[in-house]
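Peer 1: Straight from TrEMBL, here's the annotation block:
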- 7-29: transmembrane segment (TRANSMEM)
- 80-97: transmembrane segment (TRANSMEM)
- 106-123: transmembrane segment (TRANSMEM)
- 159-184: transmembrane segment (TRANSMEM)
- 196-213: transmembrane segment (TRANSMEM)
- 299-319: transmembrane segment (TRANSMEM)
- 331-349: transmembrane segment (TRANSMEM)
- 383-401: transmembrane segment (TRANSMEM)
Amino acid sequence: MNNRVLLYLKWIFGVLTIIYAFFTAIYIFQIPAGRGDELLFISDLEYIETHGWIKAIKKNICIPYMLLVYPLTFLFQNHIALRLVSLILTLGMVFYFKRRNFLSKSFASLILFYLCTTIFFFYGTNDTLFNISLIIFFSELIFLYEYQKFNSALAFSALIMAFFTRALALVYIPVVVMALYLIYQNRWQFQLRLKIPLIILVVFLFFNIPSLISHKRLSYDLKSPPQSITATWVQRQYLAQLLINENKLEKGSHPTWNETENYLTLYGKESLPRGIKEALFFDFELTFKEFFKDFMNTLVLGFRQLGGVLVLLLIWPIISMLKSRKLNFKSFTPVIVILMIGIFSFIIISNVELRWLSPVFVLSLVWFSNLEHQKKLSEKYLVFNYLIFIVLVGYGSFRVLNKII
């Protein structure tokens with residue numbers, strides 16, 4: 001009986017997700033150019049056109065993303081070229097799972113639901129390139145352990161691409177090291193092909209020469225303040241959390257650069273921490289308090305994107321420990337999801353943005369679908385989970401519909 005109910009619920013979820021995607025597509029076409037971080041990349045393209053690549057790299061740009069977008073600017077407006085690359089990359093991710101024979105109807109519905117809920121995959125920013133690169137790298141690890149299939153050239157090329165795309169990749173180093181260790185443990189199960197990854201590495205190092213000479217570091221997009229401002233992004237974020245705690249600022253908002261500068265002028269340059277390391281220990285009581293607040297808030301907001309999968313992620317390591325008194329590979333995904341939520345909650349004193357967690361959140365859906373395919377999950381849980389997803393897709397459709405009407 002449960003099996004028939006489950007099939008019916010999956011069908012309903014799939015149909016509703018297609019409707020949700022239709023509404024979301026209409027909404028995306030209505031989004032004006034330059035929304036959020038998209039404006040930064042539009043200005044980067046304009047800077048390249050005006051001053052050339054070398055000066056742009058010295059100024060700091062995302063080289064991989066700009067290389068993909070720039071040719072399209074000869075055919076389309078800058079913001080359209082940016083969004084078109086994001087769309088192509090997203091379709092490329094879907095094609096990747098199709099080639100890996102992993103695009104079942106259930107998984108396709110889950111991925112489509114996630115893309116519609118997050119939307120940022122279709123913005124003209126480098127988030128899409130960064131996230132998909134890490135998604136492919138981590139997914140290859142699952143395919144290695146579960147199906148003894150590992151495309152080393154693709155996995156390491158994707159990893160290199162991620163590290164040249166966003167400095168955020170540095171935050172992922174702990175889980176990347178864990179993944180590399182697991183790959184090394186199973187090195188006899190695949191043929192190591194490093195020719196393409198090494199070529200990509202050399203090419204991007206070559207493109208980074210102007211930045212390496214000028215700044216002694218790779219070129220990444222930086223949300224630099226106006227030239228007259230001495231405040232840093234960390235100081236602005238830290239002040240935002242202080243003002244939010246005092247009910248002087250709406251949650252998720254930031255003070256302006258001028259407001260941050262005025263605060264430093266009024267209370268002194270040492271009143272706010274300049275860098276992340278300093279921010280962690282500037283007021284350890286506040287750091288500790290905000291860690292738990294951000295961790296719980298991320299779980300609540302993450303439930304909107306992952307539904308009952310998030311619940312399973314939290315309890316799976318505990319169940320595994322109780323059953324076998326050790327963690328097996330199937331606990332790898334839950335562990336790195338919890339770890340990354342913890343890391344971001346610890347180092348970011350203000351609001352944790354869920355787009356930063358997209359690589360491990362999508363990996364969670366891969367992990368869940370694999371467990372479902374292997375019949376490792378009870379039908380009662382699956383019924384419960386798809387009921388939640390049906391409610392979430394209905395809620396999401398209602399919200400998007402309100403925006404486009």
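The chain as shown is numbered from 1 upward.
Every residue, even glycine, has its Cβ placed from backbone N, Cα and C.
Fair warning: this is a prediction, and the values are worked out from it, not measured in the lab.
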Peer 1: Could you check whether the transmembrane segment (106-123) and the transmembrane segment (331-349) come into contact, where contact means at least 3 Cβ pairs under 8 Å with the two residues of each pair 6 or more apart in sequence?
Peer 2: no
Peer 1: Would you say the transmembrane segment (383-401) and the transmembrane segment (7-29) are in contact under the rule of three or more C-beta pairs closer than 8 Å, pairs 6 or more apart in sequence?
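Peer 2: Contact confirmed: at least 3 Cβ pairs fall under 8 Å.
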Peer 1: Given a Cβ distance threshold of under 8 angstroms, which distant residues of the chain, six or more beyond its ends, lie next to the transmembrane segment (383-401)?
Peer 2: 2, 5-6, 9-10, 12-13, 16-17, 19-20, 23-24, 27, 110, 113, 116-117, 304, 307-309, 312
